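Here is what TrEMBL says about this protein:
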DISULFID  Cys236-Cys304  disulfide bond
DISULFID  Cys265-Cys326  disulfide bond
DISULFID  Cys306-Cys315  disulfide bond
TRANSMEM  7-28  transmembrane segment
TRANSMEM  440-459  transmembrane segment
Amino acid sequence: MGCCNIRCGLIAGAVFGVAVAILGGILIPVGNSIIQGTVEKEAVIEQGTTAYDNWVSTGAFVYRQLWLFDLKNPIEVLQYGARPVVVEKGPYTYKIRYLPKENITFNPNHTVSFLLPNGAIFEPSMSVGTEDDNVTSLNLAVAGAYSMVPQVFHHVLETLINKNKASLFQRRTVKELLWGYSDPILNATVGLFAPYNGTYDGYYNVYSGKDDISKVSTIDRWRGERSLHFWDDPYCDMINGTDASSFAPFIDKKKPLYFFSSDICRSVSASFEQSMDLKGIEVYRYTLLQSTLASPTVNPDNRCFCRNFKSTKNCTMAGVLDISSCQDGRPIYISLPHFLYGSPSLREDVLGLNPSEVHHNTFLDVEPTTGFTLRFAKRIQVNMMYGPSKVITVLKKVKDYTIFPLVWLNETAALDDETADMFKEELISHIQMLGILQKALLGTGLAIFVLCLISYCVIRRSNNQVKVA
């Protein structure tokens with residue numbers, strides 16, 4: 001009778017173990033469903049959600065570090081046609097993106113419109129010097145007019161240059177080069193980022209994700225248009241993805257992330273590189289591929305981005321993007337800093353550049369569950385092109401088209417400790433606790449079941465042996 005009770009107890013224990021294991025198994029899809037529902041609800045861009053609070057005004061400070069290229073041999077270049085030798089000078093650091101979005105309007109089609117105000121505040125404590133530091137750089141007016149004025153009128157440009165005693169290069173303060181100065185040749189304010197303070201990027205029109213969370217933050221329109229008008233090609237003029245501040249939740253690292261950058265007038269993609277730890281939070285690091293700025297001979301998709309056959313050596317040059325079509329014709333070329341991934345000729349024409357993937361590549365660190373970008377570094381170099389001339393005196397010694405580096409920027413932000421702790425407490429800890437509970441129930445149930453089953457078999461075998469004896 002006692003053995004029967006033991007066997008019955010073991011059978012009951014095994015059944016209980018199976019039930020516990022099943023409960024743990026059931027919790028996996030149920031728990032995942034709860035997590036998915038919560039994340040999707042909080043990722044929608046509408047008042048009261050976590051996404052909205054972070055979207056209206058970025059919680060982390062965004063800084064733009066700038067390194068200007070100081071020309072060391074201007075006389076040799078002008079008089080003997082020597083190759084320019086440059087040394088980067090910086091960083092000069094500014095706080096940007098400190099102003100909240102403006103004119104926020106929710107539309108009936110589950111989109112939201114807004115303006116992104118531009119502003120820059122100099123941060124002396126994070127800079128190597130003051131905005132009054134001097135830099136020898138390219139004369140923006142001369143280089144710009146060289147490309148914008150038809151060659152048949154270059155004799156007029158030569159007269160203006162001589163009249164104003166200008167040259168191909170000039171010495172200006174950091175503040176003047178970046179934010180503008182009055183130029184006598186063009187009779188206008190000229191600067192790399194002029195005008196900036198008090199201006200806006202947009203209008204943007206993005207999906208709120210209310211009806212379809214997979215579309216959240218995806219750009220529907222920019223400046224009222226669903227495509228660009230810079231490249232005269234449907235593919236290159238596409239506006240793809242978000243603005244890179246966030247993506248749809250539940251990131252699949254096998255798929256690239258697409259985003260649009262008004263700074264470079266095009267959409268690009270980033271691919272998964274590795275998982276990383278950011279203040280105790282797992283993030284996926286995405287980086288730009290070499291193919292992004294590859295020559296059309298390597299990446300045929302880039303053919304419609306090639307605008308100037310002369311300066312790009314019949315579109316065989318890699319590493320630079322001619323954005324003159326969205327810069328009112330000014331010969332502006334965008335690249336990665338120090339011509340990273342660019343053709344060797346770029347660094348042969350201008351000496352003193354040393355590209356590094358660690359310091360010069362762009363990356364995004366995205367939390368995969370929410371799709372929020374928790375850290376990023378946007379690194380871009382601004383260049384201008386000039387070339388030879390038989391008419392303009394200051395260009396007569398120039399032997400070939402030269403893409404001259406002016407400045408490179410590192411725009412960065414990362415969540416602070418307080419935000420990281422809140423993020424972990426409100427989301428990550430709940431997910432981890434649910435996962436632990438699931439595994440504990442599943443493991444405990446299976447252990448009870450196996451232990452009871454083994455014990456039952458041992459007792460039954462012992463009883464059979466006793467009966468035989």
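Note: Cβ is positioned from N, Cα and C throughout, glycine not excepted.
Structure coloured by features recorded in TrEMBL.
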| residue | record | CB count, 10 Å |
| --- | --- | --- |
| Cys236 | disulfide bond | 19 |
| Cys265 | disulfide bond | 21 |
| Cys304 | disulfide bond | 16 |
| Cys306 | disulfide bond | 20 |
| Cys315 | disulfide bond | 16 |
| Cys326 | disulfide bond | 17 |
Between the Cα atoms of Cys315 (disulfide bond) and Cys304 (disulfide bond), find the distance and write it as a whole number of Å.
10
Distance from Cys306 (disulfide bond) back to Cys265 (disulfide bond), taken between C-alpha atoms, in Å:
13
